[in-house]
């Protein structure tokens, strides 16, 4: 099994960590969840804008028009799907968790699971494509994806467990979203394995960079602010950027990058 596929599997499996936290009652503080989301956004922004997009543009034979065009397609594609596909957000469950409406909570959790699955699927593809092009960047993307999968698993499993009383059901529904990400990675492994053209991989990587930027600014940062409105998510973003940037420098210095 290839390393990029393993990274994708591990990133998707992080959803189960949140699911177990949701059913065991050991919920992390809102401040910690918000910081982790900001941290993940910082990693994604730095890698997308400072590494993935420049690497795609520097590929031999890649024109700036195609490179930036694919980046914009990734941006607009994410925003378009996010607006067209009705889905709930994790904060919806956080707000409804205190309401004595178990059936309503369960329905919302199921809708949330389906919505998260829809955007986790391309994340699995993005993780695999990035790791296939540059293993160093793949580690960073996998870490960022895993960090924001944990609160997603928690947001689904906790309310479902409260509504049904079944830990197995709660973990099942939370795990579906993680499995969607793994499925995306597996399909990318099966389909993209035959696409050996560097230009094709560079174009896909530019589009993935656009998706990651959109995900960071439209999903992760606003969600971090809603979970913990008393603290600025920018601290987590800056911390994620700084640590990721430092790690990239260290890896390149020792010859791994």
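Cβ coordinates are placed from backbone N, Cα and C, and glycine is handled just like the others.
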Per Swiss-Prot, 120, 123, 149, 152 bind Fe(2+); matching candidate in 136, 181:
181
Quick one: sort out which of 88-108, 109-129 is the transmembrane segment according to Swiss-Prot.
109-129
Candidate ranges 5-25, 33-53, 61-81, 137-157 - greatest C-beta contact count to the transmembrane segment (171-191) (under 8 angstroms):
5-25
Quickly jot the same-chain residues contacting the transmembrane segment (195-215) by Cβ under 8 Å, restricted to those at least six beyond its ends, or write none.
44-45, 47-49, 52-53, 55-57, 59-62, 66-68, 70-79, 82, 119, 122-123, 125-126, 129-130, 132-133, 141
Sequence-remote partners of the transmembrane segment (137-157) [C-beta within less than 8 Å, at least six residues beyond its ends]:
3-4, 7-8, 10-12, 14-23, 27-28, 33, 36-37, 39-41, 43-44, 47, 51-52, 55, 90-91, 93-94, 109, 112-113, 116, 120, 123, 126-127, 130-131, 170-171, 173-175, 177-178, 181, 212, 220, 227, 240, 244, 247-248
Positions on the same chain near the transmembrane segment (5-25), where near means CB under 8 A and six or more residues out:
120, 123-124, 127-128, 131, 138-139, 141-143, 145-147, 149-158, 160-161, 167, 170-171, 174-175, 177-182, 184-186, 188-189
Neighbourhood of residue 181 (Fe(2+) binding site) by C-beta distance under 8 A, where only residues 6 or more apart in the same chain count:
8, 11, 12, 15, 120, 121, 123, 124, 127, 145, 149
